[in-house]
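Asks: From Swiss-Prot, here are the annotated features:
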BINDING   Arg11, Ile12, Asn317  NAD(+) binding site
BINDING   Ser153, Cys154, Thr155, Arg199, Thr212, Lys213, Arg235  substrate binding site
ACT_SITE  Cys154  active site, nucleophile
SITE      His181  site 'Activates thiol group during catalysis'
Amino acid sequence: MIKVAINGYGRIGRSILRALYESGKRDQIQIVAINELANPEAMLHLTQYDTTHGRFQSPASLDANVMTIGDDRIQLLHEADAEKLPWRSLDIDIVFEATGALIDRQACEAHIRAGAKQVLISHPSSGDVDATIVYGVNHQDLKAEHKVVSNASCTTNCLVPIIQVLDRAFKVRSGAITTIHSAMNDQQVIDAYHDDLRRTRAAGQSIIPVDTKLARGIERILPEMKDKFEAISVRVPTINVTAIDLSVTLDKRVDIDTVNQVLSQAANGSYQGVVGYTNAPLVSCDFNHDPRSSIVDGTQTRVSDGHLVKLLLWCDNEWGFANRMLDTSLEMIKAVRA
């Protein structure tokens with residue numbers, strides 16, 4: 001059994017907890033504590049009721065600073081300084097760092113000094129972390145000595161398995177990416193101040209370009225893709241699910257059927273549970289609450305001149321990523337205990 005704590009109980013923190021109880025991994029992972037500055041009543045309420053993912057199916061209640069889920073008692077903490085958290089006395093194996101604020105090694109080492117054995121960051125990180133992991137692609141690279149690990153981003157988890165499949169089958173020369181991402185809580189409900197002038201605008205009224213370092217994130221996982229990709233990102237007025245428009249130039253000559261067959265075989269083979277494939281005429285909301293990292297929409301595959309391939313990928317940017325946090329944490333402990 002792994003003892004974990006969640007630091008930051010926002011969209012990803014709550015999705016991790018819910019995913020644990022829905023995924024069948026509760027017999028392997030125990031959430032001992034949650035640290036969040038919000039009041040306990042709000043934490044319970046947002047656990048029970050979620051606009052995006054619906055009602056929590058497990059019984060949950062609150063007694064002072066303890067949230068009970070079924071037979072589990074989870075301590076609720078409200079500490080702003082990570083170094084003061086009681087991870088040593090709680091014997092925490094892994095902290096899920098989900099605040100979005102502690103995203104580099106130096107910041108996350110506060111959890112280690114507080115007594116946690118390892119930290120898994122729910123955010124892309126700088127190169128000084130011990131490893132950046134995309135489960136299904138490079139989780140086998142985890143080592144016992146890795147203390148601070150990044151789970152990359154939802155879009156990196158969506159793209160990298162597909163790029164790896166295409167490169168192994170056809171050799172990728174270059175690529176361009178457009179991420180069509182649902183609105184996030186760093187945007188405004190109505191026009192308000194923000195350092196990014198585009199993010200001063202109402203999230204529900206515009207398609208909003210935002211900066212992205214996605215191409216560099218791909219290189220971190222697949223070094224052979226260095227300088228081969230560029231990416232742009234736009235936020236759209238939906239509350240969940242992301243589409244990715246991926247264009248790649250391949251060495252080998254292909255057609256639509258060949259590309260789709262390779263991707264379908266990957267989804268049903270070694271990437272099963274991480275990659276999906278569909279030919280159904282679906283829209284974004286049909287992928288809400290989908291635990292996979294990436295779903296290929298085979299109906300939208302296009303090939304130009306035998307070498308330029310365009311794909312449409314879907315992912316639930318909350319739920320899929322939360323499930324990968326759980327998967328990666330299990331691999332971290334497996335490496336420690338090997």
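Glycine too: its Cβ is placed from the backbone N, Cα and C atoms.
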Asks: When you tally the Cβ atoms that lie within 10 Å of each candidate's Cβ, which of the binding-site residues (Ser153, Thr155) has the highest tally?
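Replies: By the 10 Å Cβ neighbour count, Thr155 comes out on top.
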Asks: Quick one: give me the count of other CB atoms within 10 A of the CB of Arg235 (substrate binding site).
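Replies: Other Cβ atoms found within 10 Å: 22.
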Asks: Count the other Cβ atoms sitting within 10 Å of the Cβ of Lys213 (substrate binding site), across every protein chain shown.
Replies: 14
Asks: Other residues with Cβ within 8 Å of the Cβ centroid of Arg11, Ile12, Asn317 at the NAD(+) site?
Replies: Gly10, Ser15, Ser122, Cys154, Met184, Glu318, Phe321, Ala322
Asks: By a 10 A CB contact count over all chains shown, which of the binding-site residues listed here is most packed: Thr212, Asn317?
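Replies: Counting Cβ neighbours within 10 Å, the top one is Asn317.
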Asks: Based on Cβ atoms within 10 Å, give me the single least packed residue among the recorded positions His181, Arg199.
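Replies: Looking at the recorded positions His181, Arg199, the Cβ with the fewest others within 10 Å is that of Arg199.
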Asks: Compared by Cα position, which of the binding-site residues Arg11, Ile12, Asn317 is the closest one to Thr212 (substrate binding site)?
Replies: Asn317
Asks: Roughly how many angstrom lie between the C-alpha atoms of Arg235 (substrate binding site) and His181 (site 'Activates thiol group during catalysis')?
Replies: 5
